[in-house]
Amino acid sequence: MSGRPLVAAAVAWTAAAAIALEVESWSAVWKIVAIVAGIAVGLTAISAIGVNGPVASFARFGPTCRRTAITVGIGCMALVYTAWIHLRNESSIPPAENGHPIRLVGTIAAPAVVDGDRARVDVRTATGEKLRASFRLSAQSEQEEVRSWRRGWTIELDGRLSRPDPARNEGGFDYRRYLKSKRIHWIVEAEGLGGIRIDPTPGSASDRLLRSFDLLREHLAGRIDRLYPDAREAGFLKAFLLGVRDGLDPEQNRQFSELGLTHVLAISGLHVAVFTVAVAGTLRLAGLTRETAFGLTAAAVPFYVTLVGAAPSVVRAGLMAMIGLLLAYRNFPKDGMNVLAAALIAMLIWDPYWLWDVGFQLSFLVTAGLIAVVPKIVGRTEASWGRRLANAALGTVVATVTAQAVSFPIVIYYFNQFSLLSVPVNIVVAPVFSFWTLPASTLSLAADAVHPATGRAIALAVSAVDRALFVAVEWAAEWGKTWLTVWPSPHAWWTAFYFVWLAFVVRTAKAGAERRNFDRLTAAVLALVGISLLSVAYFPPNSIGGFRGEVRFLDVGQGDAVLIRTPGGKAVLVDGGGSFSTAGAQEEWRKRRDPFEIGRDVVVPLLKKRGVRSLDLVAATHLELDHIGGLASVVEDIPVSALLFNATWKESEPAERLFRAALGRGVPVYAAESGTVWRIDPYTSLALLDAGFDGKTVDGLPAENRGQNRHSLVLLLTMRDVRFLLTGDIGAQEEAELLSSPHVLGALAAGGVDVLKIAHHGSRGSTSAAWLDAWRPADAVISVGRRNPYGHPHPDVLSRLAERGIRIWRTDLHGEIAVFVGPGRYTVRTTIADSPAGT
């Protein structure tokens with residue numbers, strides 16, 4: 001603590017805040033404080049003994065214990081402070097109001113967001129509580145009307161209260177937790193714009209100030225649109241310069257993400273540096289003294305930070321710039337790590353929930369890595385221009401490798417993928433965006449305000465380079481798909497070991513750079529440890545295989561998706577969900593910028609989070625949207641060894657896209673035939689009891705059949721003597737026919753099943769008493785959407801299950817349902833504890 005006291009304090013504050021944000025009661029807080037305070041008192045006592053006591057050997061430990069006690073005390077302060085904020089972050093609206101109508105009156109807390117025919121706005125009530133109102137637009141003109149609403153205006157609307165969804169799949173996005181970090185606990189679903197009344201009141205002083213920043217940001221965004229007529233480039237530059245991501249092309253954003261270039265789109269240190277240099281330089285040219293210029297520039301930084309959206313990365317950079325400028329103003333020495341630590345503590349005091357933000361985490365970790373590593377390896381040189389350029393090139397490489405290495409655990413934890421092209425692409429592309437596009441596009445905006453012709457000329461030069469960069473990124477993203485590695489989310493202990501290992505690597509590299517030679521033994525040991533760490537992360541010890549398997553009924557709303565992972569390490573996906581939509585018939589203005597797609601947005605990320613890098617079999621029980629809607633994205637993103645379908649055809653966009661994706665990637669496609677048994681591994685088999693259309697064709701091609709439900713595949717999965725029956729969407733008539741078929745009779749001769757997937761989401765016309773009596777399941781899983789318009793599952797089905805003592809698991813109540821299979825036994829785990837329907 002003596003050299004960098006703020007660093008130790010920042011570490012203690014961050015650790016304590018992370019703990020406090022997970023506690024749910026003051027009793028837990030005080031227990032932790034008592035333990036930690038006891039440690040601090042003990043260390044203080046040891047320190048006192050070391051100074052005053054008779055045992056001389058304690059003397060050398062005294063200062064260390066004293067510093068540690070202070071650090072622990074800071075942690076206690078942080079724990080209590082953060083818990084005080086977290087435990088007070090509750091709604092005044094009782095949970096019993098969920099689903100009830102409400103009249104919401106308040107002021108607009110932030111600019112409204114419009115996306116196609118959907119809009120939302122955050123509203124602050126007179127009590128200070130924030131709610132998020134969402135509604136559907138009925139005409140294109142309403143888009144501009146909603147966009148014209150201003151922060152601080154009074155809004156009044158009628159709607160229905162609903163609680164935000166928690167994570168409905170293990171490791172999935174927790175919308176409830178996300179909104180809680182924004183101090184929002186309820187969503188109000190309004191009917192439409194017709195019932196909303198707006199009163200353009202002035203609002204509070206802070207509202208008026210922030211409103212002026214909103215207007216200036218909109219004005220600058222409009223000027224970017226005029227200077228850069230290409231919509232994709234304009235959308236990129238608005239995100240790049242102003243933090244306005246509304247116009248960012250979704251596909252371009254995905255390309256940047258896959259290549260590890262998303263930091264390019266985040267406004268952070270370099271943007272603040274350009275701003276501060278420009279302001280300070282202008283003030284110096286105006287004749288102000290160095291100290292005055294630095295002081296005024298520091299005062300101007302908050303205005304820039306607010307203008308560009310005040311994301312965590314730019315707030316961090318802005319605070320560091322202000323502290324650095326004020327230290328320079330007073331001619332005090334500056335230590336980058338202490339400045340970073342001060343910014344960290346200040347931000348967590350202002351808003352502890354920033355700790356949950358991935359941008360916050362990446363910004364501080366990468367900045368800390370750059371401060372710790374780059375100066376130690378890349379020294380300053382006053383030599384020739386050639387040596388300076390070589391040093392600059394080395395600095396770029398070291399900074400890129402450091403940033404990638406430091407951010408690696410965070411990237412694979414949240415995004416579960418890492419491109420091996422990330423380092424070379426960042427070395428080549430990122431500097432051009434940073435040192436050409438950023439200053440040149442900023443200059444084009446400034447010049448446009450003074451001399452429009454000059455601004456347009458600069459914009460043309462920027463566009464020429466940007467187009468080349470976009471082509472390069474697009475090509476690298478397409479070519480780099482084969483270099484994209486998939487990683488399951490690592491545990492916290494692995495991340496801690498990784499950073500300890502990385503610190504030893506940096507220390508060894510620094511020592512080698514100073515001595516001009518490396519300790520080969522140390523380097524070899526570090527390389528071996530690094531390989532071991534990466535191997536453990538890539539093949540985690542708790543992964544499926546060897547001793548157990550699992551069957552996961554994913555929550556995909558009103559649809560089916562079943563992930564099977566066998567004891568032998570194989571992976572099978574039965575169905576892939578889908579979202580009912582009328583997108584094809586929509587008017588252009590109604591379409592979302594990045595429409596929700598169940599495969600790309602839910603199924604594929606969940607597979608990657610579980611470390612699924614390939615699928616040995618994908619089975620489509622039938623060709624209805626709610627069962628195959630996400631499978632095309634699965635086939636496009638994850639290698640598939642075989643595709644099995646029900647030997648029929650249905651003319652539809654999802655079916656065409658699925659088969660085009662499979663055939664385009666050379667995936668073997670099999671038409672199912674009853675009685676076929678797929679031996680997945682020595683412990684697992686998949687028997688086709690009913691094969692839909694049973695291999696029948698018309699002129700050698702699958703017969704078109706729009707009655708897909710009744711031709712669903714019925715699959716009997718056996719894993720270590722535990723049996724699952726997957727039934728697609730068959731009805732009672734098909735169940736009766738199957739009970740007399742030889743394949744089903746043969747299966748029943750071996751006994752019933754342990755887990756039955758209820759057909760057709762629990763509709764009234766399925767799951768007959770005879771079917772249940774024949775199979776005698778112990779557990780039943782119903783894959784069904786919350787508040788679905790079909791009334792699924794039907795009360796009659798639930799009654800039949802309850803009468804037979806069958807345990808009922810529902811994705812609308814329990815979220816993802818995971819069945820873990822061991823030798824002759826199984827256990828069931830749900831993502832959400834039992835909850836009332838609709839909560």
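Each Cβ is built from the backbone N, Cα and C atoms, and glycine gets one as well.
Residues 30-51 are the range that TrEMBL records as transmembrane segment, among 30-51, 624-645. The domain 'Metallo-beta-lactamase' (558-786) scores a mean pLDDT of 90 in the predicted structure.
A contact between the transmembrane segment (492-509) and the transmembrane segment (362-379) is present, since 3 or more of their C-beta pairs, 6 or more residues apart, lie under 8 Å. Among residues of the same chain six or more beyond the transmembrane segment (521-539), those with a C-beta under 8 A of the stretch's C-beta atoms are 412, 485, 487-488, 490, 494, 497-498, 501, 504-505, 508, 512. When Cβ distances are compared across the two stretches, the transmembrane segment (303-327) makes no contact with the transmembrane segment (427-446), since fewer than 3 pairs at least 6 residues apart fall below 8 angstroms. Counting residues 6+ beyond its ends, the transmembrane segment (264-283) has Cβ neighbours under 8 Å at 236, 239-243, 245, 248, 253, 256, 292-294, 296-297, 300-301, 304-305, 308-309, 311, 313-314, 316-318, 320-321, 325, 359, 363, 367, 429-430, 433-434, 438-439, 442 in the same chain. Here the transmembrane segment (339-356) has Cβ contacts under 8 Å with residues 4, 6-7, 9-10, 13-14, 17-18, 20-21, 78, 81-82, 85-86, 177-178, 180-182, 312, 315-316, 319-320, 323-324, 327, 364, 367-368, 371 of the same chain, all six or more residues outside its ends.
Counting residues 6+ beyond its ends, the transmembrane segment (427-446) has Cβ neighbours under 8 Å at 220, 223-224, 227, 237, 240-241, 261, 263-264, 270-271, 274, 278, 396-397, 400, 455-456, 458-459, 461-462, 465-466, 469, 472-473, 476 in the same chain.
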